[in-house]
Amino acid sequence: MMPMEVEVKLHVYDVTNSGSDKTNSTILQINKIFKDGIGLGGIFHSAVQVYGDDEWSFGFCEQGTGVFSCPSQRNPMYTYRECIVLGKTNCSILKVNQILRELSREWPGNSYDLLAKNCNHFCDEFCEKLGVQKLPGWVNRFANAGDAAMEVAGNTALRLRQAKTEIVSASKVAYQFIARVANNTTSASDSESPENSSRGTSSRFQGTWFKNLITNGAKPSSSSEIENQDEGASRLQQQHDDKSPLWQNSQSRYDM
């Protein structure tokens with residue numbers, strides 16, 4: 001015997017519970033333009049009806065589950081818009097009750113988030129468990145777009161912090177390298193013989209150049225010096241040869 005299939009309906013409302021007639025009117029106008037006019041989306045509440053006359057949805061509350069039911073098409077907080085048939089489920093009424101008990105535990109009211117975990121996300125998961133198609137994209141498009149934007153912003157901020165840390169670390173490595181070269185060059189110039197005075201003069205000049213480079217601010221001590229890099233770079237370029245390979249390597253690290 002084939003299991004009985006039951007129709008699953010999605011009820012969509014315009015969100016008009018702001019408490020302000022002007023705001024509610026604006027939301028209705030937004031939904032009219034962006035959904036009815038160009039089919040993009042809007043600001044909507046949704047609920048799922050399966051077995052019986054009640055619809056099921058999710059909302060915020062401080063304690064307990066956020067899953068609740070009310071008579072279909074009659075949620076008093078919103079303005080009813082339309083009904084969409086999402087298909088038929090072969091889940092028995094016992095199975096549907098089991099699914100709702102599980103969702104009630106997994107969706108506490110204090111976990112509600114306007115962009116990341118709202119009534120439309122709940123209906124999507126409920127429909128998936130019922131084995132029918134998910135909500136049309138326009139129902140939750142605005143929330144999904146907002147959540148994606150928040151994620152991009154968060155990731156961008158994280159990448160900037162990581163880049164700043166890497167710049168500081170790289171500049172410290174560059175300084176240590178320059179310091180070692182300066183010390184080695186100075187040591188070599190001190191050991192020069194009298195007969196090689198011209199070569200010794202060159203080595204001493206290079207050692208002095210490296211010491212001056214370090215003295216004039218090449219050593220980074222904290223991330224705050226990154227903010228003054230342009231001013232420091234200008235002073236160093238005026239004092240030293242900006243075509244030196246070591247200077248180019250050091251500056252390229254600052255400019256990452």
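Using N, Cα and C of the backbone, Cβ positions are placed for all residues, glycine too.
Those TrEMBL annotations? Automatic predictions, nothing curated.
Features of the protein shown, as given by TrEMBL:
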| type | residues | note |
| --- | --- | --- |
| COMPBIAS | 187-198 | compositional bias 'Low complexity' |
| COMPBIAS | 214-226 | compositional bias 'Polar residues' |
| COMPBIAS | 246-256 | compositional bias 'Polar residues' |
| DOMAIN | 6-154 | domain 'PPPDE' |
| REGION | 185-204 | region 'Disordered' |
| REGION | 214-256 | region 'Disordered' |
Exercise. Taking DSSP states H, G and I as helix and E and B as strand, how many residues of the domain 'PPPDE' (6-154) are helix, strand and coil?
Worked result: 64 helix, 40 strand, 45 coil
For this session: Give, as a single whole number between 0 and 100, the mean pLDDT over the domain 'PPPDE' (6-154).
Result: 90
